[in-house]
Amino acid sequence: MSSPALALDPAPRRLLPLLLLLLQGTAWGLTFPTSKIAVDHGVGPAGYVFWQTLGAGSVLLLVALIRGRLPRWDRRHLGYYAVCGLVGITLPNMILLVAVAHLPASLTALIVNTSPLVTFAIVLLLGMERFLWRLAAGLVIGFLGAALLALRGTSLDGGAALGWVLFGFLGPVCYAGVAIFNQRCRPQGSDSLTLACGMVILGFAGALPFAALRGEIAPLWPVGPGELAVMIQIAVSCFGYIVQFEVIRMAGAVYFSQVTYIVAVTALTWSYLLLDEALSPIVGLAVLLIFAGLVLLNWQGPRATRPPAPVSERTLP
């Protein structure tokens with residue numbers, strides 16, 4: 001998608017990424033309780049991702065057809081779609097859907113919101129950001145919050161939930177890797193719509209065999225709570241994938257990771273409203289620590305990382 005920000009004055013152009021983050025964070029927060037509703041009503045993880053990617057991919061492909069800007073399928077673009085689709089959609093979504101079946105939706109949302117901590121750790125290791133004590137302190141404080149989430153897992157189901165909490169942390173690792181990959185390896189000359197379309201199509205290709213082998217491809221009618229939850233996810237995905245590419249393009253991967261501030265608040269709010277989930281003292285302290293860590297990490301906003309590497313330095317084949 002060609003960014004409308006190019007035609008805006010500097011002030012509105014600076015506000016556009018923030019507005020997109022607010023909208024996306026609110027929508028993403030809703031998907032945590034709805035995903036739990038879906039799996040609690042018999043929708044399997046692979047089937048959920050199958051319908052999510054099929055629905056979102058179909059809508060994005062239709063929009064691309066109308067605009068006359070279909071995804072490109074050369075070697076560079078195909079590799080990009082494969083990494084983003086499989087590592088950024090299929091794998092982490094299945095991980096988190098399996099985890100949310102055994103954990104409260106609010107706890108799962110907080111696990112996902114540790115992805116900026118992982119992002120910064122990778123950024124520092126790759127030399128994309130120079131070492132600062134502020135960043136180190138933010139990482140330590142944030143990971144202390146993540147450790148409290150793991151501790152919370154020891155108090156659920158007689159400690160059996162700890163394994164699911166640790167398993168759920170694999171999702172943020174996937175998201176962090178793909179966020180940095182997006183910034184460093186985005187193909188030149190492709191807009192956000194076509195990239196999102198290709199990414200979701202490859203995500204669907206990855207989910208299809210899993211859903212088929214597990215027998216989780218079931219119709220979305222008649223519409224019940226589980227099916228409605230899947231439809232909400234499809235709508236959020238269509239909007240979210242495009243916004244993700246646009247914000248990363250405009251402000252960088254680390255700036256985009258600030259969406260987790262909004263997701264954390266809205267996910268907890270939605271979980272309370274829809275599932276009557278209340279925060280325990282341990283989780284409340286974890287929220288404060290994670291937020292404090294994120295504040296330190298994101299203090300400089302979109303200037304927190306270097307710009308994407310030149311095309312000649314990108315690693316995509």
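Including glycine, each Cβ sits where the backbone N, Cα and C put it.
TrEMBL annotations: computationally assigned, not manually curated.
Given the structure is predicted, the values throughout are model-derived calculations rather than measurements.
Taken from TrEMBL as is:
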DOMAIN    18-150  domain 'EamA'
DOMAIN    164-298  domain 'EamA'
TRANSMEM  45-66  transmembrane segment
TRANSMEM  78-101  transmembrane segment
TRANSMEM  107-126  transmembrane segment
TRANSMEM  131-149  transmembrane segment
TRANSMEM  161-181  transmembrane segment
TRANSMEM  193-213  transmembrane segment
TRANSMEM  219-242  transmembrane segment
TRANSMEM  254-273  transmembrane segment
TRANSMEM  279-299  transmembrane segment
Verify whether three or more Cβ pairs under 8 angstroms connect the transmembrane segment (193-213) with the transmembrane segment (279-299), leaving out any pair fewer than 6 apart in sequence.
no
Segment-segment contact (the transmembrane segment (107-126); the transmembrane segment (254-273)) at 3 or more Cβ pairs under 8 Å:
yes
Thinking of Cβ pairs under 8 Å, which stretch from 45-66, 131-149, 161-181, 193-213 has the most of them with the transmembrane segment (219-242)?
45-66
How many of the residues that make up the domain 'EamA' (18-150) does DSSP mark as helix, as strand and as coil?
109 helix, 0 strand, 24 coil
Mind tallying the domain 'EamA' (164-298) by DSSP state, helix then strand then coil?
109 helix, 0 strand, 26 coil
Spell out yes or no: are there three or more C-beta pairs under 8 angstroms between the transmembrane segment (45-66) and the transmembrane segment (193-213), with each pair 6 or more apart in sequence?
yes
Mean pLDDT, the domain 'EamA' (164-298)?
87
